[in-house]
Amino acid sequence: MGLSDGEWQLVLNVWGKVEGDIGGHGQEVLIRLFKGHPETLEKFDKFKHLKAEDEMRASEDLKKHGTTVLTALGGILKKKGQHAAELAPLAQSHATKHKIPVKYLEFISEAIIQVLQSKHPADFGADTQGAMSKALELFRNDIAAKYKELGFQG
């Protein structure tokens with residue numbers, strides 16, 4: 001399940017492009033998540049009133065949260081799988097406070113892939129997409145294992 005050094009390099013290269021506009025990418029990821037899986041919106045008290053895409057695009061809070069999400073994910077990706085210290089508090093909050101099911105992490109992973117395909121087609125070919133998919137799957141599997149340790153059946 002682990003990624004090769006070359007795969008990690010592909011992931012981090014495209015992630016550098018994300019960091020060039022992390023707020024824009026984060027906003028787009030959350031909009032795709034909420035439009036594709038409206039049930040996920042119910043987990044966000046701050047955003048559940050946003051029903052239309054233009055309302056979502058106008059929300060500074062949504063953009064700010066997208067930045068938070070992708071900044072945290074970027075920190076985890078940069079650890080190249082050695083992310084236990086970064087993952088523990090994230091799993092704790094998402095299991096005990098936010099109660100985010102692993103399925104929703106799959107949904108946001110799909111949204112991340114879609115946004116990267118849309119914004120960076122020249123830099124997100126099959127090899128890079130495959131590497132990113134593996135990295136996100138590793139992240140989800142490790143979160144799921146932490147959830148289990150915490151007794152959360154997410």
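Glycine is treated like the rest: Cβ placed from N, Cα and C.
Reduced to three states, the DSSP call for His65 (nitrite binding site) is helix. Within the same chain, residues at least six positions away from His65 (nitrite binding site) with a Cβ under 8 Å of its Cβ are Gly26, Leu30, Phe44, Lys46, Phe47. Marked as nitrite binding site by Swiss-Prot on the basis of similarity to another entry: His65.
The annotation O2 binding site is assigned in Swiss-Prot to His65 on the grounds of similarity to another entry.
Here the Cβ of His94 (heme b binding site) has 22 other Cβ atoms within 10 Å, regardless of which shown protein chain they belong to. The heme b binding site feature in Swiss-Prot is assigned to His94; the stated evidence is similarity to another entry.
The annotation domain 'Globin' is assigned in Swiss-Prot to 2-148 on the grounds of sequence analysis. For the domain 'Globin' (2-148), the mean pLDDT of the prediction comes to 96.
As annotated by Swiss-Prot, phosphoserine applies to Ser4. Taken residue by residue with DSSP, Ser4 (phosphoserine) is part of neither helix nor strand, so it is coil. Sequence-distant neighbours of Ser4 (phosphoserine) (same chain, six or more apart, CB under 8 Å from its CB) are absent.
Feature annotation from Swiss-Prot assigns phosphothreonine to Thr68; the stated evidence is similarity to another entry. A 10 Å cutoff on Cβ-Cβ distances gives Thr68 (phosphothreonine) a total of 13 other Cβ atoms nearby, all chains included.
A Cα-Cα distance of 14 Å separates Thr68 (phosphothreonine) from His94 (heme b binding site).
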